[in-house]
Every structure is written in structure tokens, then in C-alpha cells.
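Taking it in order: structure first as C-alpha cells, then the write-up.
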Amino acid sequence: MCILSFLKSDQSSSYDDDEYSKPCCDLCMCTRSMPPQCSCEDIRLNSCHSDCKSCMCTRSQPGQCRCLDTNDFCYKPCKSRDD
């Protein structure tokens, strides 16, 4: 059983690094509709990126969080293609 909690993106986290909080997504899924409905499936530790309006985190330590927002675009990838 998984216990989840919802956080607002303005709540502080133990990871306050600007680079970590920038909006990005490595695993973006979109519908084929026009406009597309896209969501990021990335899991981040303890918080979601700074633009996330609806963040869901597990209560584990560290928390595993996913942004539940739906947009009509994908954010740029978090990892560079050269990695």
C-alpha cells in the first residue's frame, strides 16, 4: 500500500538547489489530441519542479514526488543528450 501526500510547489524542501527545481522533464507523455495533453512521468526526490501546481509525494524518506499537472507542451529534458 502506498501512502501519498499532496504538496504545493511553494513548500520548502530539503533540496533547495536552483538547478534541481528548474522545470524540466525526461519522460513526457502526450495525447494525440489537438491541443495535446502532456504530463511528466519523472520522479523527483522530496519536491517537484518550481512550475508544478499539483505535486504528489510519497511519505517515504526521501519522498518520491511527481508533478500531476497537464500542459499542452513538454518541458525541455533535464538530462543533456551527451550523458
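The backbone N, Cα and C atoms fix where each Cβ goes, glycine too.
Record features, source Swiss-Prot:
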{"type": "DISULFID", "residues": "Cys24-Cys78", "note": "disulfide bond"}
{"type": "DISULFID", "residues": "Cys25-Cys40", "note": "disulfide bond"}
{"type": "DISULFID", "residues": "Cys28-Cys74", "note": "disulfide bond"}
{"type": "DISULFID", "residues": "Cys30-Cys38", "note": "disulfide bond"}
{"type": "DISULFID", "residues": "Cys48-Cys55", "note": "disulfide bond"}
{"type": "DISULFID", "residues": "Cys52-Cys67", "note": "disulfide bond"}
{"type": "DISULFID", "residues": "Cys57-Cys65", "note": "disulfide bond"}
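Locations of recorded Swiss-Prot features on the structure.
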residue: Cys24; record: disulfide bond; Cβ within 10 Å: 19
residue: Cys25; record: disulfide bond; Cβ within 10 Å: 20
residue: Cys38; record: disulfide bond; Cβ within 10 Å: 17
residue: Cys40; record: disulfide bond; Cβ within 10 Å: 25
residue: Cys48; record: disulfide bond; Cβ within 10 Å: 27
residue: Cys52; record: disulfide bond; Cβ within 10 Å: 21
residue: Cys55; record: disulfide bond; Cβ within 10 Å: 22
residue: Cys57; record: disulfide bond; Cβ within 10 Å: 23
residue: Cys67; record: disulfide bond; Cβ within 10 Å: 25
residue: Cys78; record: disulfide bond; Cβ within 10 Å: 18
Roughly how many Å separate the Cα of Cys74 (disulfide bond) from that of Cys38 (disulfide bond), to the nearest whole number?
6
If you measure from the CA of Cys67 (disulfide bond) out to 10 Å, which disulfide-bonded residues from the list Cys38, Cys48, Cys55, Cys78 are inside that radius?
Cys48, Cys55
Can you give me the same-chain residues 6 or more apart in sequence from Cys30 (disulfide bond) with a CB-CB distance under 8 Å?
Pro36, Gln37, Cys38, Ser39, Cys74
Rounded to the nearest angstrom, how far is the Cα of Cys25 (disulfide bond) from the Cα of Cys65 (disulfide bond)?
13
Just jot down the residues in the same chain as Cys28 (disulfide bond), at least 6 apart in sequence, with C-beta under 8 A of its C-beta; none if empty.
Cys38, Ser39, Cys40, Glu41, Cys74, Tyr75
Which is it, of Cys65, Cys74: the one of these disulfide-bonded residues whose Cβ has the most other Cβ atoms within 10 Å?
Cys65
